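According to TrEMBL, the protein has these features:
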{"type": "DOMAIN", "residues": "B:68-448", "note": "domain 'Ammonium transporter AmtB-like'"}
{"type": "TRANSMEM", "residues": "B:21-42", "note": "transmembrane segment"}
{"type": "TRANSMEM", "residues": "B:78-96", "note": "transmembrane segment"}
{"type": "TRANSMEM", "residues": "B:103-122", "note": "transmembrane segment"}
{"type": "TRANSMEM", "residues": "B:163-184", "note": "transmembrane segment"}
{"type": "TRANSMEM", "residues": "B:196-214", "note": "transmembrane segment"}
{"type": "TRANSMEM", "residues": "B:226-245", "note": "transmembrane segment"}
{"type": "TRANSMEM", "residues": "B:265-284", "note": "transmembrane segment"}
{"type": "TRANSMEM", "residues": "B:321-342", "note": "transmembrane segment"}
{"type": "TRANSMEM", "residues": "B:354-376", "note": "transmembrane segment"}
{"type": "TRANSMEM", "residues": "B:406-430", "note": "transmembrane segment"}
Amino acid sequence: GGFMQIYRLNIRNNTYIRVSLPAVCFVWQIAMVILFGVFIRYDEESDEKGWHEFKRSHNITSNIENDFYFRYPSFQDVHVMIFVGFGFLMTFLKRYSFGGVGFNFLIAAFGLQWALLMQGWFHSLDPVTGKITIGIESLINADFCCAGSLIAYGALLGKVSPVQLMIVTLFGVTLFAVEEYIILDLLHCRDAGGSMVIHTFGGYYGLAISWVLYRPNLNLSKRLNGSVYHSDLFAMIGALFLWMFWPSFNSAITNHGAGQHRTVINTYLSLAACVLTTFAISSMGQKKGKLDMVHIQNASLAAGVAMGTSAEFMITPYGSIIVGFCCGIISTFGYLYVTPFLEKRLKLQDTCGIHNLHAVPGMLGGFVGAIVAAAATEEVYGKEGLVETFGLSGKFENRSMSTQGAYQAAGTCVAIAFGLVGGVCVGFILRFPLWGDPADDFCFDDEAYWELPEDEETIPPVLEYNNHMINKHQDTHESQFSLEES
Amino acid sequence: GGFMQIYRLNIRNNTYIRVSLPAVCFVWQIAMVILFGVFIRYDEESDEKGWHEFKRSHNITSNIENDFYFRYPSFQDVHVMIFVGFGFLMTFLKRYSFGGVGFNFLIAAFGLQWALLMQGWFHSLDPVTGKITIGIESLINADFCCAGSLIAYGALLGKVSPVQLMIVTLFGVTLFAVEEYIILDLLHCRDAGGSMVIHTFGGYYGLAISWVLYRPNLNLSKRLNGSVYHSDLFAMIGALFLWMFWPSFNSAITNHGAGQHRTVINTYLSLAACVLTTFAISSMGQKKGKLDMVHIQNASLAAGVAMGTSAEFMITPYGSIIVGFCCGIISTFGYLYVTPFLEKRLKLQDTCGIHNLHAVPGMLGGFVGAIVAAAATEEVYGKEGLVETFGLSGKFENRSMSTQGAYQAAGTCVAIAFGLVGGVCVGFILRFPLWGDPADDFCFDDEAYWELPEDEETIPPVLEYNNHMINKHQDTHESQFSLEES
Amino acid sequence: GGFMQIYRLNIRNNTYIRVSLPAVCFVWQIAMVILFGVFIRYDEESDEKGWHEFKRSHNITSNIENDFYFRYPSFQDVHVMIFVGFGFLMTFLKRYSFGGVGFNFLIAAFGLQWALLMQGWFHSLDPVTGKITIGIESLINADFCCAGSLIAYGALLGKVSPVQLMIVTLFGVTLFAVEEYIILDLLHCRDAGGSMVIHTFGGYYGLAISWVLYRPNLNLSKRLNGSVYHSDLFAMIGALFLWMFWPSFNSAITNHGAGQHRTVINTYLSLAACVLTTFAISSMGQKKGKLDMVHIQNASLAAGVAMGTSAEFMITPYGSIIVGFCCGIISTFGYLYVTPFLEKRLKLQDTCGIHNLHAVPGMLGGFVGAIVAAAATEEVYGKEGLVETFGLSGKFENRSMSTQGAYQAAGTCVAIAFGLVGGVCVGFILRFPLWGDPADDFCFDDEAYWELPEDEETIPPVLEYNNHMINKHQDTHESQFSLEES
């Protein structure tokens, strides 16, 4: 018994990924080469010949009409959010910063390739040629699609191996493409900033996985499950880039012109309001009124999540502020009271608190979107504005706004369902004892997967000695020169 | 006597903000909801219906003509400067980095909402509807307006409570809107990058407040009034983002086309020249020629400040370089000699040295702008170029260039006056013993307002133990496997 | 003998730059003022009068046609790569982070001014007026031109003085402008992202300098030639901004429209693939499969380097992925095996491993570009697309694609030759004992050129004491209030 237990512990301690990680990376990357070779081509705005023909056929005289110039600045902002934003937000743990930013980098780079294929098959497969054509909007959508899995990583941070994360991403991107197809194409919802398809799905997906992977003895790693002064500052880099660029995130694929313009204004205002209520609740939540960096880094972003659906609608500036106002309160309360409750009562370990930053604000955003859509009138949007904003052409021409609202609400439920069911299934896959995840007493520790540099503490004494010696040398030297000069 | 003194010290030591901060945040944020509801609407380029009508009435065929596409990339750069640039530049103190970046976040998020209202009332209130309409340019202006108060924060860093900062911002934004109205509308100055309205005003505003709040015993906190190795690197992130994006700051609201284009070139060149003279003077200022991070982080930015007014003019590329050349020298000299002098003789404690980075270079920039404006000729600008660049239409049609130059100089004086007088008044408000500011021996310390994580020094020993144990486990495990395999 | 040796050591120890650095900065900056005054003017799209005339003569109705709007977002991304990307990538050393980011700042700011002149003389000197006109594309090219010298800095990091770096940059920019003229103008190669002219040249230039400056006793500074936990995170900021913005780097000066659009897609895909193979090889290279931050920070960027030439061609999406796939493997292998080999056998000390990140991937990129160019057909590009993409007009009208491919390959060789020969010459200049470089036992140490703040370790005990006292004060105070209230 005793021996077996130690033996098991040792098995679980095997975090060697020297075979599994390279194998997964190579197999998948080779698969990408083949699948891209078979399926992916440039679209008519990025193909050299195609663009010349497109300009002729559409009577376009200037290259500035290329979709690239409408979307590229937003794309780059989104790209920064995915890699620096999400990546550095997850560096807050004192000894898991390499894993936070490094594995985020790995799975996003894998996920976006798989996303281009999955989203292509569902949304832009040419039935005649059998090809998927891609342009700048596809790249944005691929980044968005990864975001779902990166959110899920937030719940799992420090408790899983990079191989497990690759699996989370493979299935996460796949599920994302399907639920997105159902929500955006079949239900014909609008969700440009992804309150539903990205945040609600990603949040519940991560929570469900984490619930299945519950570790009863995680408190053995408790001493590493926290921040230090400088790791909190690194996390603040991520938080601020997310906060600043969220207007670009929500507006990146909205309609050209007033659509993108208005989305930016709404998201900007909502986020600003959210900061104030976050600071307020954070201060109220501590005996002496002290602020908590976890709230500032996370809850202040909840408004961006919650505006994902409705920011492109005519929600009005004060409507945006009200949404931000409420989200700051709800999200900070979540960090103060709900996360501890979930961990104790529901056995749900959520390292980054994605429940409060993504799952709940995303769901709220979906319902806010439903209400704002249902309240849309021709008086406010204009006839063509209403058609354009909600895409009410073709077979959706006769859909009423209240019906649209109902479908939006249904879309939110689809996202929740996909997240929960998909997450539970993926969670069980991750429980196979093959993937090199760390033991309960070895979580939140970069030591498991990274060659770590020596400790910082070893420098100063050496340095001091060095400085001392140098100064001695230099002083000697100076006096020698002085002698020569004099 | 003795008892009273201790008692006073204790009063001053009360940095509890559990009531005051949430109260201020909630009151002001609720006020924002109401005021935005009453006053703020989308402008014709962000309103769904409005944009369709605007395109029709202005005979515009392409959405790319929406002001959004002219300004959004610059806006995002400005946004990064406000939150990451200013925020991280203020993380240089060894134990006030949370306060530097965190309170900057809080007051900027509050300030920009208030700025949209204040600037709206003064500049774009529709007299018929009584509404303010906002678009992307309004967001840039709101960020600019905050900058004035963030600059002031630089002088106060580590010595005030977040509640005091909210007050500084409330009045700062208000004063800004008034002086901006006087300078830009009444005097009809040009000041696209805000040498006068932002930097001169913000600099003197902060200095005046700091002068009123003079702390004779601040040396009790002396041990925390300095940097450590890594906090200087965090500050360098802020400094570089400010430096890199300053061309966007100065060009964000200049005229479309050649105006924005030229402003970028001028600012870029001026900043590059400034770096070289900053390094030169910094090295000359130390006995052994060693460089000082404070100079590199701050003085190299002075050229951006000083080009705020004249960068949009035809100052010529070498003119820009000359301005940068001088600013690097003046600003670094300021850090070496003026700041210590001000502190000793004028009892002016200026934590970040905004005197050298904003007040003086801003004032210089105002006067450089006056000279360049006065020297403008139709030969260089062309007839329509002159009208467009200086806005000499309507009731200013007949203003001569020398008159314009005189008004520009007058504008600089207005900015100084507003900063000094406004700052003194606000300083006295801040002296009420209500706002939870720290005692003289508790300055520059995040401990006052933040729940701090445990110290970094406590990790390694635990870690070492852990690694040791893990390795032992894994070695055992390995050998077991080897046995099985052999 | 003994005395002389100590004396020599002392000479070499003289890192005082109080005279030389300011002298160089002032002389060169004053030269810049004069040369800019004589030569540099605004081009027709940034000149106030010129743009109005340009619009009239070209029948342009909208300011959005100004090249500024096509290129400014990419320019800002490139600017971030130069200053934050390269700068922070070089902060990885435990005690040379100030030098890494600080000297990068200095030499880039100097280099870009000199580049505007050198590139102007070679590429855009008006033979009639004798003036160089500059616009946004010139600024991008100036940043590019600096990149060559910054790459060279990577090989020299920690071993040279800032004065030596200024010399490296002065000659580096000069050589760059000449080889660029030969490659792009005389040989008429295409190299928008600079695989050849930037990376191959810069890489071999730095390696040749480092080879000439070989330090046999560098192991005296061994203890500082490595990272610590947080310095690796700072370096990750640089790495990620380089990685994210590389699509902008490669597309910044490609043709408007489909050209820029396609370049972004190709670079984005290639970089994503490169990340996966980098992680795979990094894990395989260590006994326990642990990942190495050096590889993640550097090798994952190699694909961007290698796509510099061919990203604007119709290399196809899967072609881009294949290039990325191979680069991740080659570059990581380089870090694992080639760099140690070069140091041992070729006496080549390459601090950042630019051999693996720039020299080899750049050279590969040059040859990949040659192959893709040679394989270009009218069928794929269209007639006008082929002419536009490869600039086959004027005297190059009749060049066949296979000839173009041969010239591209020749261009790569020119870049290597310029790098090696130029680097050796500059290396010998740097060996004059005038420039204040550090002794072998004083390398990788900011102490040599920077006033360093006190050590971090001195804070906590003081802090602890402080907190203790404060809490005592506050508790006392609280109880007093309670007494009063009761």
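Placed from the backbone N, Cα and C atoms, the Cβ positions cover glycine too.
Long-range contacts of the transmembrane segment (B:321-342) within the same chain: residues 269-278, 280-282, 285, 292, 294-295, 298-300, 302-303, 305-307, 310, 315, 348, 350, 353, 355-357, 360-361, 364-365, 368, each at least 6 residues beyond the stretch ends and with a Cβ under 8 Å from a Cβ of the stretch.
Looking at B:21-42, B:163-184, B:196-214, B:354-376, the range that has the most CB pairs within less than 8 A of the transmembrane segment (B:406-430) turns out to be B:196-214. Of the ranges B:21-42, B:78-96, B:196-214, B:265-284, B:354-376, the one with the most Cβ pairs under 8 Å to the transmembrane segment (B:103-122) is B:21-42. Long-range contacts of the transmembrane segment (B:265-284) within the same chain, counting only residues at least 6 positions beyond its ends with a Cβ under 8 Å from a Cβ of the stretch, are 193, 243, 246-247, 249-251, 290-292, 295-296, 299-304, 306-307, 310-312, 315, 317, 319-329, 331-333, 336. Among the listed stretches B:21-42, B:163-184, B:226-245, the one sharing the most Cβ pairs under 8 Å with the transmembrane segment (B:196-214) is B:163-184. Counting only same-chain residues 6+ beyond the ends of the transmembrane segment (B:21-42), those with a CB under 8 A from a CB of the stretch are 50, 110, 113-114, 116-117, 120-121, 125, 130-135, 162-163, 166, 170, 436.
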